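Per Swiss-Prot, the features are as follows:
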MOD_RES   SER2  N-acetylserine
DOMAIN    22-101  domain 'GST N-terminal'
BINDING   LYS59, VAL72, GLU85, SER86  glutathione binding site
DOMAIN    106-228  domain 'GST C-terminal'
MOD_RES   SER129  phosphoserine
Amino acid sequence: MSGASARSLGKGSAPPGPVPEGQIRVYSMRFCPFAQRTLMVLKAKGIRHEIININLKNKPEWFFEKNPFGLVPVLENTQGHLITESVITCEYLDEAYPEKKLFPDDPYEKACQKMTFELFSKVPSLVTSFIRAKRKEDHPGIKEELKKEFSKLEEAMANKRTAFFGGNSLSMIDYLIWPWFQRLEALELNECIDHTPKLKLWMATMQEDPVASSHFIDAKTYRDYLSLYLQDSPEACDYGL
């Protein structure tokens, strides 16, 4: 089965056939923020695509031929070419399908987006540390670190004086960082942005974007998924289906 809401393929499953003509395939997982980056770029650019969900707690043997690390997202085109790593997949899509560019053409503006992305670079690992922290006493320290990182982004937004990180319209940088902001409420980390009014305004604007909002997962569903995932349950990736 394929599609955003299709059940995931696990150990013992048959590998999918060739990628349909005129499409590109993405190997994904419904709750993965890294895969969400790629899915949002596909949707924002209007690229016809096929979604194959992978059970990351019960990975199919054949999937390691697509990515030796066994991680999503992975892109596969009709030539059988494979592209891994979320940021690389997004940049590939922007160049391979140039009709609606998400990165700016101007080299300096593109460099500015990449520099802003570096300001965000510690956030995913800090969020993962928070999720995996076995002792509640460790949470305040991680939250303080997150507040520092969000302060850097608040300053960048203040200096930019635009609605989005790349200007007055949505662009690649906004999609690359959005999945982690979207999960703050579910993770009960909203307090980490209490001191960043411009970031909060940006988040409210992002929630109105049809591409960003199409990947909305309600807080309870996400928390229930996480509970199963942290128990290494093979049912985690298909939770709610």
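Yeah, the Cβs are placed from backbone N, Cα and C, and that goes for glycine too.
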Nonlocal neighbours by CB distance (under 8 Å) for VAL72 (glutathione binding site), same chain, sequence gap 6 or more: TYR27, SER28, MET29, CYS32, PHE34, ALA35, ILE54, LEU56
Per-region confidence, the domain 'GST C-terminal' (106-228) (mean pLDDT, whole number): 96
Most distant Cα pair in Å, residues LYS59, VAL72, GLU85, SER86 binding glutathione: 19
Alpha-carbon spacing, SER129 (phosphoserine) to SER86 (glutathione binding site), which is rounded to whole Å: 20
Listed recorded positions (LYS59, GLU85, SER86, SER129), ranked by Cβ neighbours within 10 Å, top entry: SER86
